[in-house]
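Visitor: Encoded as structure tokens, here's the structure I'll be asking about.
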Amino acid sequence: MNPYITASLLFGLLLGTTITTTSTHWLIAWMGLKINTLAIIPLMAQQHRPRAIEATTKYFLTQAAAAATLLLAATTNAWMTGQWELQQATHPVPTTMITIALALKIGLAPLHTWLPEVMQGLDLTTGLILATWQKIAPFSLLLQIQPNNQTLLILLAILSMLVGGWGGLNQTQVRKILAYSSIAHLGWMVIILQFSPTLAVMTLALYIIMTSSTFLAFMMNKTTTIGTLTISWAKTPIISSLMPLILLSLGGLPPLTGFMPKWLILQELTKQDLGMTATLAALSALLSLYFYLRLSYAMTLTISPNNLTGTLPWRTQTNKKTLPTAILLSSSILLLPLTPEVLTLFNT
């Protein structure tokens, strides 16, 4: 794709997200979401492969349905309350419709079925945008409306955690595993949204950091399946030795960065007398941890075949810029001791 076209589409992504996150009117927020969707579709279809076109079509239809539901909900809210402001969505019917539409947009269970299939049809670069940047605008709307239906949010969150854990257990494609990882992490964000919005934003920020570092490492290895992970040590031995730490951080093991949001969320849930919900959330994290351990095992404890394919890449040098990857890798592993500073940063 022409660099100028790519730059224009990336600017469209930035513009759409900015419009949605800063708007207070439902029509302006809806327009920002549509700009965001239209900007990423050419990036998804640029490979000109049947799988990529199929993924793009599925994504467009899903996002169009979610946007139509959101517009209907906003119109219904204006009809019932006479208000177009985001913070004035007080009637339970339009608020529930808006919550379901945004859940479909970001891929919360049980409205998640499009996400793994779409992710599988994309290259790793576009998959990175879909798994990180495209979550910001809908999540900002969820933060602004503060849905008062606590039961619905907890149900969506618990279902997302369980589906994200169970769905990734038998997958062999790395992109599908990362899609189910995204679903599970979205459940952690949504479950705490009503009780501590600041903690939800912090969880989203740390999820973006950890997922970006994972995608960038897989992009450097050109890894798309678990089988190709076995020879990744021959291509990038240092990254291959650090990748298990990032994956375990995504799983939420101490003393890594990913433990911070899970620990604080479980603590907040127990303060809200939701002990059973906290227990289910903690147990669901074990499901996700299994496929993270599976990826780690394939990268570090599986012996690569001693053939030409396994030995030649050792001597090749990469021309890719490694500074962003190094910064994100370090942030994905080493931020847990800085928990008080991170909390202070997000509380200001």
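Each Cβ is built from the backbone N, Cα and C atoms, and glycine gets one as well.
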Visitor: With TrEMBL as the source, identify the stretch among 2-24, 117-139, 232-254 annotated transmembrane segment.
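Guide: Comparing 2-24, 117-139, 232-254 with TrEMBL, transmembrane segment matches 232-254.
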Visitor: What same-chain residues lie close to the transmembrane segment (96-115): Cβ under 8 Å, and 6 or more beyond its ends?
Guide: 33, 58-59, 62-63, 65-67, 69-70, 72-74, 76-77, 89, 134-135, 138-139, 141-142, 145, 147, 149, 152-153, 156-157, 159-160, 162-164, 179, 182-183, 186-187, 190
